[in-house]
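Enquirer: Quick paste of what TrEMBL says about this protein:
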type: ACT_SITE; residues: D137; note: active site, charge relay system
type: ACT_SITE; residues: H217; note: active site, charge relay system
type: ACT_SITE; residues: S550; note: active site, charge relay system
type: DOMAIN; residues: 33-105; note: domain 'Inhibitor I9'
type: DOMAIN; residues: 128-594; note: domain 'Peptidase S8/S53'
type: DOMAIN; residues: 378-465; note: domain 'PA'
type: DOMAIN; residues: 664-768; note: domain 'Subtilisin-like protease fibronectin type-III'
type: SIGNAL; residues: 1-27; note: signal peptide
Amino acid sequence: MASLLLLTHFLCFTFTAIIPIFSPVSAEPAAKTYIFRVDSFSKPAIFPTHYHWYSSEFTEPVNILHVYDNVFHGFSASLSPSQAASILQHPSILATFEDRRRQLHTTRSPQFLGLRNQKGLWSESDYGSDVIVGVLDTGIWPERRSFSDLNLGPIPTRWKGVCQTGDKFTAKNCNRKIIGARFFSKGHEAAPGFGGIGGGGINDTVEFKSPRDADGHGTHTASTAAGRHAFSANMSGYASGIAKGVAPKARLAVYKVCWKNSGCFDSDILAAFDAAVSDGVDVISISIGGGDGISSPYYLDPIAIGAYGAVSRGVFVSSSAGNDGPNGMSVTNLAPWLTTVGAGTIDRNFPAEVILGDGRKLSGVSLYAGKPLNGKMYPIVYPGKSGVLSASLCMENSLDPHLVRGKIVICDRGSNPRVAKGMVVHKAGGVGMILANGVSNGEGLVGDAHLIPTCAVGANEGDAIKSYIASHPTASATINFHGTVIGVKPAPVVASFSGRGPNGLNPEILKPDLIAPGVNILAAWTDAVGPTGLDLDNRKAEFNILSGTSMACPHVSGAAALLKSAHPDWSPAAIRSAMMTTANRVDNRLQPMTDEATGKPATPYDYGAGHLNLDLALDPGLVYDLANEDYVSFLCAIEYGPKTIQVITKSPVNCPMKKPLPENLNYPSIAALFSTAAKGVSSKTFFRTVTNVGDTNAEYKVKIEAPKGVTVSVKPDKLVFSEKVRKLSYYVTITVDSKNLVLNDSGAEFGSLSWIDGNHVVRSPIVVTQMSPL
């Protein structure tokens, strides 16, 4: 039923998302930014460039914001709906969509991924020194030690980018590490309520109109992917050690597309993709996604369109899976050419505990570094017992000072930022805060650099504290902080917030692809704001600790840089395959990974193929490769027409007479969908091709872990490679009997298929589920 509801929602969205520019209106509405996809082959020869053509034929006298030439052919412009309607009638316009606002998906992790100094991927790739990573984010704070170019060689000669100067950013801020920097603001400045009508442009009191980072997010993600070794790194004493990115010698190209307090706009994101590919990046890292819970079809999604243009030119694109977990079907960035990354924990934690007046000790986490409570007991109060939601959430101006003054206050998690709740408590006279998870967050905890003594606790602990208050009129408590602990078990655990499958657009493609470290990650920070990001936080921090799939994504971007350096001939699909087929499904107890939200075993809907393991990805044995025509075949299979596909691919395409099957895309995972209406025995057969990237003469045998109540057969069950035979194909047949198939709580059963040669285990997850017919 969930799949049926999703598909219905998707169909509704497909039609309502098309701009309603033909509706009659009594007065001309305000201008909006529109992105136009143009059939570039229609350009008359008289025009020397596409810009000249667009300027004279489409938008006179309106100024064009961006012209797209590399990943996409077209332009964006600020227009009234009637102007947009007029342009849409032109025969060369393939599609148009409104600009949309997107959201950011917000040291020890390299070792946790299996990277070692003396051997393995770091040494094989020279730490990624010849690879260029493009980061689409909030910019960079270039003075940080993480971006030193000490002992780096010359900039790769293929680099064609620039160091764009602007507010407090000069050409000297680029070096042999930060080899390029640009900023994109035209879409932001044209948006009503932000930069455009009623917005007033870039707010230079809190922002820099340049690549300089006023938010911190971009500096953090850039240093996570490719930060240099920085000794004595810490955040207010927490997580002390040597900070380093996954690819410490990789070069950085910075594309500022997101702006403090106002997000990121599609027209600017697409322009950054266009520039990055033209500049010559090898990897693009984009920790950005939809902020409305809706996944657009690929032809209406500029991230998917821009990423396709990049991948088709050999650029690996890593994207974040979103932070709307643990709800099912919450994963974002679903295009099969994107590598979609969820978040897991690492074996480091920042424990704190709440000690109640009756002697009970309840565990939590905190990054509070101010004056401790020193064991002093304070009255404790829960404003939410009044039934007022804003008070339970500690929203601005919701707390009664007479109720909370001199007390520790319980605030429920949700709605406003976690650290902002503490400031609300402080303003009302409270001395400390207990931040309690609700059912949706379960026991998943992240550390925050709170400005008042605060301990975050899971839903069970929160309920226990609330019960204690309800039964004790003189309830009291204190909070203790215990610094940094490493060697935590179990780890990794799937973060409760990490976006979960199934794939809401095409459940035949498993998303997320894999998970990587994304909880309590130490990385470089901006000087423009304190570690909480609050206006009242005047602290300066060279490093900050953040959590989110935003932090997981650059781990995979850095990993891709290392793999690209070690294997320059590998395609983006081959790099992703190497990561997926070698990923871990077990934690550091050698037990199945668990889900932080429930404490139960996690599934491929939570972690995709598993947790990134770079110790094995360097030599995966076999890879599942994909070319542009494979993605085109997939788009034909999901019933996109040639003109719709051209919106994504730039070039005209012809779909075959016999429609392909979307599940036959040569992906490193297999998702079998069966109709709930089918009775008795049903079968589906899948086709896959593997390429040998290991020993020339190798023989692999299949190993099957069949999902419960499912039969899986593979033909042939042995693959023999030689100098002349590098690619071999096989068929997988999955058979279910409706009488025996009992799906688990997630609506699916899970298994795996592995090819084993004695040195390699090339594993693909198998998902079997049912969906209701339309």
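The backbone N, Cα and C atoms fix where each Cβ goes, glycine too.
Tell me about the surroundings of these features in the structure.
Expert: Around D137 (active site, charge relay system), a 10 Å sphere centred on its CB holds 30 further CB atoms from the protein chains shown.
There are 30 other Cβ atoms within 10 Å of the Cβ belonging to S550 (active site, charge relay system).
Across the residues of the domain 'Inhibitor I9' (33-105), the predicted structure has a mean pLDDT of 81.
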Enquirer: For H217 (active site, charge relay system) and S550 (active site, charge relay system), determine the Cα separation and express it in whole Å.
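Expert: Pair distance, Cα basis, whole Å: 8 Å.
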Enquirer: With every protein chain in view, how many other Cβ atoms are within 10 Å of the Cβ of H217 (active site, charge relay system)?
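Expert: A count of 27.
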